[in-house]
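What follows is a set of notes on a single structure, which appears directly below.
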C-alpha cells in the first residue's frame, strides 16, 4: 500500500488524481490488488526492497507499527493541531499494560490484555489532556514531552514495572498452524519458489515475523477506514476548525475543548494499541524502547509525509521506519543522514512530501472558472494555513 | 433553550410592522467593561427588536467591537447584563451562546483557511448537530441524516451568497469579497436568531457596498435579526432601521437614521469637535 | 521519603541546586529569547550548548592545561576557554539561524515545520560531534587530532585547573570557589543581558520585533538583524553556560546537550517563556527543586521531579511564574 505511493511522491499526487477519477468497481479492484500485494510483499522478498541480512517480515512489521503510530499522532497533530512531543508515553502505557498482564504479574492471554492495555492508554490520554489541553499550544508541547519522560523514568525506577531490566515473555497472539506458504528466492536472478523457506500461516512465532506483519497490516487498514469515516464527519470538521482558528471555531458553536480532548484520547487509543502489539512481537520490553527520541521520530513521520493527510503520514512512517533498516550498512551515519533529511525536507518541501488535500474537484472547478472567465481569476497558487 | 430548531424556510417576507413594537430579542443592560484601568464600555444599554437591522456606529475605539465581543461571550462584562430572548448570557461559554442563536462574523476575516468553503459553512451548521465519534465511525442513521442536512443547508447558503461555485475550494483561495461573503454564510449556518456583522464592508468598493447592502436586507428578509457594525455612514444610513452611536465607550445617541443624521452629538463625534462647542 | 537526608544536607543541596539552576537559566535565555521574537521552539539550542562544552574542553587541552599548572596560568587558560566557548556557541547559533531557520521564515512556513528543521539540525550537530573521529578521518587528521577526537561517543573529561577551595561555610556546607563563580557569573551575565535588551538600540529592536514584527519593520527595525542578534545573544549565553558547566562537572559527551536542553527549556517555560527574568527564576527554582526532590526520593527520581514540577506549575499558572512579558498578546 504505502510502497506504491511512496517511491515517487510527486507522481503520487497525479496518481491519486487518476485513481479518484476512476469508476468505482475499478477503483475497488485496484485497492484490493494493492492490499493483496502488500500482504504478499514479505513472501515475494523482492530484491533491492528487502533489506539485506535482516528479516524482511520483521522490518515490515516495524513499518506497520510506525504507520499505526503515525495515524494516531496525525489525529492529534495533523487534524486537531495539538503539538504532542510525548506520544511515546501512550505507546509505553499500552506496551507495559500488555506486558504486566500477560507475563509479569498475571497470566492473561494477549487477547484479553489488549483491550485493557488500550483502555489504560486512552484513560491516560484523558487524564493528561483534561488539565493540560487548556494551556496554550507550545506549552502543551513541553508538558507532553514531560509526560513521555515521566512515564519512561517511572518504568525505569519501579521494580513493579521491571525497572531497567524490563519485562520478558510477553504473550503472543494465538494462531492455529493451518498451512505453509513458500517464499520466493531470487538468488539465481529469477524468482523461484523456495520450499525450504516457508511461513506457517497464522503461527505467531519467534523466528518468522510475517504473521505479525499481517496482523499489523490488518490493523493499519482498519484504522485507515476508521480514520476516513471520522475525518469525514462533524468530528473531523470540528478538529480541523479548532486547528485552523480555535476562537473562531468556538464562536461557530464548536466546543473546542471537548474535541481537543477527544482527539487526544483517540490518539492515545491508537498509540496504546500500537504499543501493545509491539510488546507482543518483541516479547520483551524495557524502558530503552520508549526514549524521547521515539516521540520525535513519530512526529517526524507525521510531518515528513504531510501532516493532515493520511496517505502522507503513511509515507512518512514508512520512510522513518524503513530507511534506517534498509541502510544498516551505514549504521553509524544513520541518525546524521536522518537529521539532514529532516532539515532538507523542511527547507525545500515545507508542506511534507504529500501535502494535505487540494481536492481534485477544487482543481477541476478552478479550471472551469478559468475557462469561463478567461483567466480573469488569478489564483493558481496554493496558499497554506 | 431550544437546542434544535428547524432551519427557517428561505424567502419569508419581511414583517411590515414598525420595529419598536416587536419583541426584544437582545437586551443590553447597563453594560460596563474594564480592562485594568481602561474603561472600554461604560454603562451601555440598548436593545434589538426581532426582525430589525440595528446599526452600531461610532468613531474608532468607541467600543463597538468590544460590545460585540461581550455579546458573543468573548469578554465577560465587568458589570451589567445581556439578555437574549429574556435569558441572561452571563457565565455561558462562547459555543453555548452560539447554540442559543447568536452568530457573528469578524472584522478581520477569520475563516478556516485550509478547509473548503463548503466545509466552513458545514462547521457552522454542525452547531445544531450532535454526531459523535461513534455515530461517525459506524455511519449510524443520525450521522447520515445530520450530514445530509448540513450539506444541503450549507449549499443553500452558498447559493444565497452567490458563491456556490467555490464550494470545493479552500477558503484561503477565495477572493477577498468572497471570503467576506463566506463568513456571513458560515454565521447564518449556525441557524441564529441574531446575526452580528462586524464591518462586513471593510475593504469593499462602492459598487460592492451597494450589493452588500442589498444582501444584508435579504438576510433580514429571511427572518434573521441583524446587528451591524459599520464605518461607512452611507451604508449604515441606507440599510438600518435604527442606529446606536457609541463614543469613548458610552452611548451618545439612539434613533432612526434620520434622527441620527441630525443629532449634534453624533456630528461632533464624527467631526472630532468638542461636545460643548457643538451643542 | 528520606526527610532526614534532605534535612541534614539542606545547605549543600540548596547551593549546588542554585549552581545547576544558574546554568539552566543561562541556557534557557536562548530558548526564551528566540521564542519571544519568533514564537519558535529552538530545539537545536541544546547543541549550541554542547559545542560550547567541547570548545572549552579543547581549548584547555590545546593550551596544555592540566592539574599541575600554576594557578595564574590556570586562570588564564580558563579565561581563554570561556572566550572560546562563547565564540563557538555564538557561531553555531548564528549558523543555525542562517541554515535552519531563515529560509523557512522567509517563506512564512508553519511553525511546526520550523520545529522539524530544528530537530533535524539538532541531530546533525550532535551526530557530527559523536562522529568527530570519523569526520577527522576524512581529512586524514585522526592521528594528529586524536587527543581531541578520540572516544567520540563516550565521556571526555577536562583536567581540574581550579582548586575546589573552600570559600566560606554556609550552615555547615563548605561553599567552594566553583559554586560561587558559577552562581555569580550567571547572575552577572543575566543582569548584563537584561540591561542590554532594555537599554540598547539593538535591544529595543529585539523587543519591538517580539511585540509586533510587522509594525517594528515599518518603524525601521531591521527584523533580520534583530533575529540575528537574538540568536547571537542566546549563543553567547549558552557558551558561558557551557564553560560554567565544564568548570563544575568537568565532563562532557556528544549528546550532553539533549537533557540539559530539555531542562533549560523547562526552566524557560517555568518562569514564563519570553521573559528574561523568568528564565533566571525558572532555572533557579528548577535546579533547587530537583536537588531537594532527588534527596527526598532518591537521585533516580531527579528528572521526574523536574517534569512533575513543570506540569504542576503550568496547571496553576498557565503562563509560567512571571508570565510572558516579551510574548505577544493574542486574542
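Glycine residues also receive a Cβ, built from the backbone N, Cα and C atoms like all the rest.
Per TrEMBL, the listed range annotated as transmembrane segment is A:212-230 (candidates: A:174-192, A:193-211, A:212-230).
Of the listed segments A:137-157, A:284-304, TrEMBL assigns transmembrane segment to A:284-304. Looking at A:261-278, A:315-332, the range tied to transmembrane segment in TrEMBL is A:261-278. Residues A:85-104 are the range that TrEMBL records as transmembrane segment, among A:25-44, A:85-104. Annotation: stretch A:85-104 has the most Cβ pairs under 8 Å to the transmembrane segment (A:284-304), among A:56-78, A:85-104, A:212-230, A:261-278, A:333-354. Counting Cβ pairs closer than 8 Å and at least 6 residues apart in sequence, the transmembrane segment (A:110-130) and the transmembrane segment (A:56-78) reach fewer than three and form no contact.
Only sequence-distant pairs (6 or more apart) were considered; of these, at least three Cβ pairs between the transmembrane segment (A:212-230) and the transmembrane segment (A:261-278) are under 8 A, so the stretches are in contact. Tertiary proximity for the transmembrane segment (A:261-278) is limited to same-chain residues at least six positions away from its ends with a CB under 8 Å from its CB atoms, namely 65, 68-69, 71-73, 75-76, 79-80, 82, 84, 87, 90-98, 113-114, 117-118, 120-122, 124-126, 128-130, 133, 212, 215-216, 219, 223, 230, 235, 239, 285, 289.
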